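Have a look at the structure below, then the notes.
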Amino acid sequence: MSKFYNPAKISSLTVNHHSRYHLVRFQTKPISSSSTTSSSVPSHQHIAHLIAEQTSHSQALQTFRWASKLPNFTHSQSTYRALIHKLCTFRQFDSVKELLDEMPTSIGSPPDDSIFVTVIRGFGRAKMVKEVIKVLDLVSRFQKDPSLKVCNSILDVLVKEDINLARAFYRDKMMKCGIQGDDYTFGILMKGLCLTNRISDAFKLLQLIKSRGITPNTVVYNTLIHGLCKTGKLGIGRGRSLMSEMAEPNEVTFNILISAYCKEGDLIQSLVLLEKSFSLGFVLDVIPVTKIVQLLCGEGRVMEAVEILERVEERGGSVDVVAYNGLIRGFSKIGKTNLGFRFLKEMERKGCLPNVNTYNELIAGLCESKEYDSALEQFDDMTRDGISPNFITYDTLIRGLCSGRRIGDGLKILDQMEEERRGAGGQISPYNSIIYGFYKENQLVEALEFLTKMGSLFPGAVDRSKRILGFCKENCVGEAKRVYDQMIAEGGLPSAVVYNDLIHGLCQVGDIRQAFELMNKMVDHGYFPISSTFNVLIREFCKQGKVDSASELLREMVDRGCIPDLGSYNTLIDAFCKKDDFHRALKLQHQMVEKGITPDYYTWTSLLLFLSRQVNWRKREPFVYQ
């Protein structure tokens with residue numbers, strides 16, 4: 001932007017070629033009437049632009065006064081409006097009033113409505129609400145009645161500041177002046193009432209409009225429906241009823257209601273309204289369409305979501321990257337990541353470029369499907385395509401790799417994250433994933449070594465973790481649990497080894513209930529226990545005579561992909577034998593053999609002791625001849 005120079009010191013003023021209007025040279029020396037042409041006198045538009053470009057109120061005022069001295073140039077409503085807007089921006093309201101007073105003499109006409117609207121908005125931006133209302137007095141000074149346009153502008157400012165003041169202005173100022181208002185007036189009032197959640201008053205306003213023989217327009221209805229939808233499920237139902245009495249519901253009506261139903265998770269009503277909007281020929285915004293897609297994908301109905309997007313596109317609607325990301329997430333969730341790839345190519349073909357979230361969804365899906373090499377390929381592809389991985393990318397990939405016993409790859413990605421992002425921004429999650437990887441490999445020594453190395457990055461979390469582990473080692477489980485509870489209360493994320501040691505400690509003192517609760521929390525954090533953690537719970541259940549609970553835990557352990565070991569089976573086989581349930585004990589022995597686990601000394605000992613007890617018992621029984 002060019003700097004404004006004092007015209008008295010130079011022969012001409014040139015508007016910088018970077019400005020948004022054409023290059024013009026304004027002559028400041030006197031121009032004879034014979035030589036004057038239309039091109040030698042600047043237009044009102046050019047002067048207004050020049051005033052608007054100034055960086056201070058004094059420069060704007062100086063430019064205005066300079067233009068007044070140009071031969072054959074007379075200011076107009078537009079140049080006064082430009083200056084008044086600039087003065088309002090810098091809150092020079094006294095100067096504004098002086099300009100208003102000089103206008104009848106200077107240009108031969110009083111300020112028009114657009115100037116008063118500019119003043120009203122200036123007072124509004126300055127939060128000078130009382131001065132906004134006093135603009136009516138400024139209007140009356142020029143022997144003018146306030147127009148509906150001016151009153152609506154005042155009302156619009158008041159509604160944003162104080163709905164009560166706005167209603168009083170409409171009642172005491174507008175109506176008493178005989179100004180009943182128009183659609184815009186009622187739209188402003190309806191917006192103010194709904195923004196302040198005064199829904200009952202909004203319905204009274206609707207009835208007032210109808211009582212005057214006016215049909216409320218679509219904007220008024222949409223505003224009230226939107227206000228109703230914000231109040232929850234009951235309000236959405238009332239909003240739906242209001243739509244039925246509208247003369248012409250439009251796309252906005254359907255956008256509001258569908259978004260509200262989606263927020264409530266009501267997929268059925270969302271789809272009903274979507275079908276109705278299609279039948280009326282409407283093309284909805286991408287946001288409600290995307291919400292429906294996300295709901296469908298969340299329920300595994302991904303192909304229905306695909307069909308909806310196709311129908312939207314056929315009708316000329318737009319589908320953005322967020323909608324495609326929802327599809328990719330949906331396919332990943334049902335284990336069909338290959339179809340997610342197909343839609344990645346489809347969106348690229350249509351000119352909808354994937355973003356970091358697109359790749360994050362693909363990587364998450366691939367990790368969930370245990371396709372770790374493909375996940376690493378996608379990670380490389382996104383960087384080659386110029387998309388920088390974010391924290392979620394690294395966190396998802398590291399967690400997936402470590403869950404899949406690819407801890408070496410997980411450490412490499414962690415190193416890359418630290419190099420490119422200079423750490424994890426204070427977030428401990430990827431580091432806990434590395435510990436989880438060591439835990440899954442039963443490399444607890446390595447896990448503790450890595451925890452120690454984390455001390456410089458997360459001193460508080462590491463200190464608490466070590467205190468918990470220390471208390472568990474000293475059999476002070478109560479103290480360990482107290483530190484854990486404090487850690488959770490402060491938003492900390494315990495690692496897998498912390499959960500493992502606490503579960504072992506609680507089982508040692510016989511608190512199976514808290515141990516089981518901790519295991520569930522461990523799973524909630526994404527750390528699935530290994531067999532040794534399950535085994536200590538199975539052992540404690542058996543010790544307390546809850547063999548059926550132990551058996552159910554073993555079954556769930558197998559169903560969720562955790563491979564049991566000798567310890568898992570031996571404890572239960574021994575417990576069933578002691579309960580004289582040889583059938584179930586033998587069944588477990590067959591099951592472990594089928595899984596490739598060879599029974600050991602303890603397995604056979606439990607079974608043989610049971611059989612020997614049976615033989616001895618039969619020898620003691622008297623022989624009964626039949």
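Glycine is no exception: its Cβ is also placed from the backbone N, Cα and C atoms.
Just so you know, TrEMBL annotations are computer predictions that nobody has curated.
Listed features, source TrEMBL:
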type	residues	note
REPEAT	182-216	repeat 'PPR'
REPEAT	250-284	repeat 'PPR'
REPEAT	320-354	repeat 'PPR'
REPEAT	355-389	repeat 'PPR'
REPEAT	390-420	repeat 'PPR'
REPEAT	495-529	repeat 'PPR'
REPEAT	530-564	repeat 'PPR'
REPEAT	565-599	repeat 'PPR'
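According to DSSP, the secondary structure content of the repeat 'PPR' (530-564) in residues is 26 helix, 0 strand, 9 coil. DSSP assignment over the repeat 'PPR' (390-420) gives 27 helix, 0 strand, 4 coil. Residues 286, 289-290, 293-294, 296-298, 300, 302, 305-306, 309, 361-362, 364-366, 368-369, 371, 374, 385, 387 of the same chain, all 6+ positions outside the repeat 'PPR' (320-354), place their C-beta atoms under 8 angstroms from a C-beta of that stretch. This prediction places the mean pLDDT of the repeat 'PPR' (565-599) at 86.
Residues 218, 221-222, 225-226, 229-230, 232-233, 236, 239-240, 243, 291-292, 294-296, 299, 308, 311-312, 315-317 of the same chain, all 6+ positions outside the repeat 'PPR' (250-284), place their C-beta atoms under 8 angstroms from a C-beta of that stretch. Beyond its flanks by at least six residues, the repeat 'PPR' (530-564) meets 439-440, 442, 499-500, 503-504, 507, 510, 512, 515-516, 519, 571-572, 574-576, 579, 584, 592, 595, 597 of its own chain at Cβ-Cβ distances under 8 Å.
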